[in-house]
Amino acid sequence: MAKVYVFDHPLIQHKLTYIRDVSTGTKEFRELVDEVSTLMAFEITRDLPLQEVDVNTPVATAKSKVLAGKKLGIIPILRAGLGMVDGILKLIPAAKVGHVGLYRDPKTLQPVEYYVKLPSDIEERELIVVDPMLATGGSAVEAIHSLKKRGAKHIKFMCLIAAPEGVEVVKEAHPDVDIYIAALDEKLNEKGYIVPGLGDAGDRLYGTK
Ligand code: PRP
Ligand code: URA
């Protein structure tokens with residue numbers, strides 16, 4: 001069964017408060033999403049395998065550790081997921097980036113796929129699907145399904161804010177995918193927005209309405 005991790009690191013929680021704040025403008029919102037994504041990347045990479053190497057220090061040879069060369073992939077769900085990519089790449093610059101374009105139909109709330117472009121070797125990669133919001137769960141479920149259909153085997157899902165309803169939907173549809181969240185909020189409203197949430201992540205990142 002999928003595990004759900006809520007990152008309670010004080011820096012993540014502090015920055016998330018300002019991300020939520022309606023008076024935070026586009027520039028600052030974008031910077032904060034970038035910073036929180038870096039901090040979340042630090043937490044999500046805790047279980048990366050290491051291998052021992054010898055390194056010559058100025059004094060002696062030390063047995064030390066380096067990453068064991070696991071291939072990573074970051075998959076933002078467009079549009080809003082794009083806002084998290086650079087922050088993650090700061091810590092794992094060699095990761096490849098694939099894109100899944102989905103929008104949520106405002107009437108049905110169902111995800112509509114409009115673009116998919118992935119690294120050719122996704123079946124060998126550990127993939128981190130990123131999107132600031134997990135609301136009904138429809139977009140995350142569809143994006144993960146789209147990756148699996150194309151051969152992906154190892155997938156994690158990372159978001160800033162999730163609704164309990166969306167977490168359950170993803171766990172049910174993809175029990176092999178662990179979920180990493182900065183905050184688990186109270187509920188969805190009648191329009192499918194997370195309460196209290198942060199509003200429309202894409203609009204706040206890109207200054208649209
Ligand atoms: C938002 C968000 C998620 C989706 C979450 O995207 O970035 O992708 O809604 O909702 P769900 O869990 O109910 O599917 P949106 O559809 O607004 O598209 P955008 O990123 O292009 O603004
Ligand atoms: N998408 C968003 O951007 N915000 C929500 O609260 C729900 C879906």
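Heads up, the Cβ atoms here are built off N, Cα and C, so glycines get one too.
Feature annotations, reproduced from TrEMBL:
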- Arg79, Arg104, Asp131, Pro132, Met133, Leu134, Ala135, Thr136, Gly137, Gly138, Ser139, Asp200: 5-phospho-alpha-D-ribose 1-diphosphate binding site (BINDING)
- Ile194, Gly199, Asp200, Ala201: uracil binding site (BINDING)
- 6-208: domain 'Phosphoribosyltransferase' (DOMAIN)
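Annotated features, which come from TrEMBL, shown on the structure.
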{"residue": "Arg79", "record": "5-phospho-alpha-D-ribose 1-diphosphate binding site", "contacts (Cβ under 8 Å, 6+ apart)": "Gly101, Tyr103, Gly202, Leu205, Tyr206"}
{"residue": "Asp131", "record": "5-phospho-alpha-D-ribose 1-diphosphate binding site", "contacts (Cβ under 8 Å, 6+ apart)": "Pro76, Ile77, Ala80, Gly81, Met84, Ser139, Ala140, Ala143, Phe157, Cys159, Ala201"}
{"residue": "Met133", "record": "5-phospho-alpha-D-ribose 1-diphosphate binding site", "contacts (Cβ under 8 Å, 6+ apart)": "Ala80, Cys159, Leu160, Ile161, Ala162, Ile194, Gly197, Leu198, Ala201"}
{"residue": "Ala135", "record": "5-phospho-alpha-D-ribose 1-diphosphate binding site", "contacts (Cβ under 8 Å, 6+ apart)": "Arg104, Ala163, Glu165, Gly166, Leu188, Gly192, Tyr193, Ile194"}
{"residue": "Gly137", "record": "5-phospho-alpha-D-ribose 1-diphosphate binding site", "contacts (Cβ under 8 Å, 6+ apart)": "Glu165, Gly166, Val167, Glu168, Val169, Val170, Ala173"}
{"residue": "Gly199", "record": "uracil binding site", "contacts (Cβ under 8 Å, 6+ apart)": "Val22, Tyr193"}
{"residue": "Asp200", "record": "uracil binding site", "contacts (Cβ under 8 Å, 6+ apart)": "Tyr193"}
Assigned element (helix, strand, coil) containing Ala201 (uracil binding site), judged by DSSP: helix
In sequence order, those binding-site residues of Arg79, Asp131, Gly137, Ser139 whose CB lies under 6 Å from ligand 2: none
Binding-site residues whose CB lies under 6 angstroms from ligand 1, from Arg79, Asp131, Gly199, Ala201: Arg79, Asp131, Ala201
Secondary-structure category, per DSSP, in which Ser139 (5-phospho-alpha-D-ribose 1-diphosphate binding site) falls: helix
Residues Arg79, Arg104, Asp131, Pro132, Met133, Leu134, Ala135, Thr136, Gly137, Gly138, Ser139, Asp200 [recorded 5-phospho-alpha-D-ribose 1-diphosphate binders]: greatest CA to CA distance in Å: 17
Shell list (uracil; ref centroid = CB of Ile194, Gly199, Asp200, Ala201; cutoff 8 A): Pro132, Met133, Ile161, Tyr193, Gly197, Leu198, Gly202, Asp203, Arg204
Assigned element (helix, strand, coil) containing Asp131 (5-phospho-alpha-D-ribose 1-diphosphate binding site), judged by DSSP: coil
